[in-house]
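Going by TrEMBL, these are the annotated features:
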type	residues	note
DOMAIN	8-74	domain 'Release factor glutamine methyltransferase N-terminal'
DOMAIN	109-213	domain 'Methyltransferase small'
BINDING	Gly118, Thr119, Gly120, Ser121, Gly122, Asp141, Asn188	S-adenosyl-L-methionine binding site
BINDING	Asn188, Pro189, Pro190, Tyr191	substrate binding site
Amino acid sequence: MQATTAYIRETLSGTYSAEEIRNLTRWLFERVCGLTLARQILCKDKQIDETEKESIRRVVERLSRSEPIQYIFGECEFHGLRFEVTPSVLIPRPETSELVELIVRRHPETGPKVLDIGTGSGCIAVSLAKMLHEATVTAIDICDDALAVARRNAETHQADVRFLLADILSESSLDEVAPSAFDVIVSNPPYVTEREKAAMDAHVLMYEPAQALFVSDDDPLCFYRHIAARGRKWLSEGGRLYFEINAAYGKELVSLLKEMDYCEVETVRDISGKERFIQCSKT
């Protein structure tokens with residue numbers, strides 16, 4: 001096991017930080033060898049058989065090309081649930097789990113009607129369907145392949161979610177979305193500008209779906225503006241809008257929402273202290 005650990009560290013040292021390599025090593029031993037973290041600590045001299053070594057070697061080779069381990073294994077954990085992920089969907093981030101928690105705390109009522117715009121893997125929609133009391137959840141996405149992943153995740157977790165193919169930027173695709181008013185609209189839309197690409201990790205740029213990440217430098221609030229406009233039509237009185245945001249445009253988005261007659265517009269920081277979310281209400 002120690003020799004395999006050294007091999008992983010040496011092979012990945014030019015691609016990942018020391019902390020990332022430690023986490024990847026733990027995950028590899030757990031997934032490939034069935035070793036819990038406790039057993040990894042207690043059994044450092046354990047012999048890894050040749051089949052396991054070959055499996056680890058193949059995964060490490062892919063990791064060395066910056067391929068995300070979540071895509072390699074086809075799953076990741078989000079809000080205590082395991083979700084299927086493919087290159088058709090973004091890998092759910094821990095920060096987005098805080099958005100789910102924010103909504104759950106704010107909506108203890110029975111039977112809220114929820115819309116998730118740009119659902120991707122379905123992680124937000126499925127989590128809310130599981131955690132909100134008797135919620136009616138609708139989720140839309142522009143990508144058929146993403147919706148297929150989201151539907152499988154809903155089936156896996158026995159979550160009742162209505163999935164629709166729709167584009168928030170296209171009026172003609174939205175006819176079926178809102179048969180009645182929603183109490184909650186939530187979205188983690190594309191918000192990384194083209195000029196911000198240079199600062200992003202290779203595993204994001206090379207493997208995650210660009211259409212779910214990037215927005216034009218000329219109109220970084222494009223998706224927020226369209227969603228907020230729809231919110232004026234689709235939200236019930238007192239209904240609430242929740243966004244994950246690019247902190248660089250937080251003040252502009254607050255101003256935009258106030259101009260669109262939303263009230264209680266509030267920026268919320270994530271656990272690391274970064275402005276990450278905005279919530280507001282329809283008057």
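All positions are counted from 1 along the displayed chain.
Every residue gets a Cβ built from N, Cα and C, even glycine.
Distribution of TrEMBL features across the structure.
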{"residue": "Gly118", "record": "S-adenosyl-L-methionine binding site", "DSSP class": "coil"}
{"residue": "Asp141", "record": "S-adenosyl-L-methionine binding site", "DSSP class": "strand"}
{"residue": "Asn188", "record": "S-adenosyl-L-methionine binding site", "DSSP class": "coil"}
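As a summary of secondary structure, the domain 'Release factor glutamine methyltransferase N-terminal' (8-74) carries 46 helix, 0 strand, 21 coil according to DSSP. Taking all protein chains in view, 32 other C-beta atoms sit within 10 angstroms of the C-beta of Thr119 (S-adenosyl-L-methionine binding site).
Every protein chain shown contributes to the tally, and the Cβ of Pro190 (substrate binding site) ends up with 20 other Cβ atoms within 10 Å.
Cβ neighbours of Gly122 (S-adenosyl-L-methionine binding site) (same chain, under 8 Å, six or more residues apart in sequence): Phe83, Asp116, Ala139, Val149, Ala150, Arg151, Asn153, Ala154, Val161, Phe163. A 10 Å cutoff on Cβ-Cβ distances gives Gly118 (S-adenosyl-L-methionine binding site) a total of 24 other Cβ atoms nearby, all chains included.
For Pro190 (substrate binding site), the nearest neighbour among the listed binding-site residues (Gly118, Thr119, Gly120), judged by C-alpha distance, is Gly118.
Here the domain 'Methyltransferase small' (109-213) has, by DSSP, the following mix of helix, strand and coil residues: 40 helix, 24 strand, 41 coil.
Counting only the Cα atoms, the space from Pro189 (substrate binding site) to Gly118 (S-adenosyl-L-methionine binding site) is about 6 angstrom. Residues within less than 8 Å, Cβ to Cβ, of Asp141 (S-adenosyl-L-methionine binding site) and separated from it by at least 6 positions along the same chain comprise Gly118, Thr119, Gly120, Leu147, Ala150, Phe163, Leu165, Ala166.
In this view, Pro189 (substrate binding site) is surrounded by 20 other Cβ atoms within 10 Å of its Cβ, with every protein chain counted. A simple way to gauge crowding: the CB of Ser121 (S-adenosyl-L-methionine binding site) has 25 other CB atoms within 10 angstroms, across all the protein chains here.
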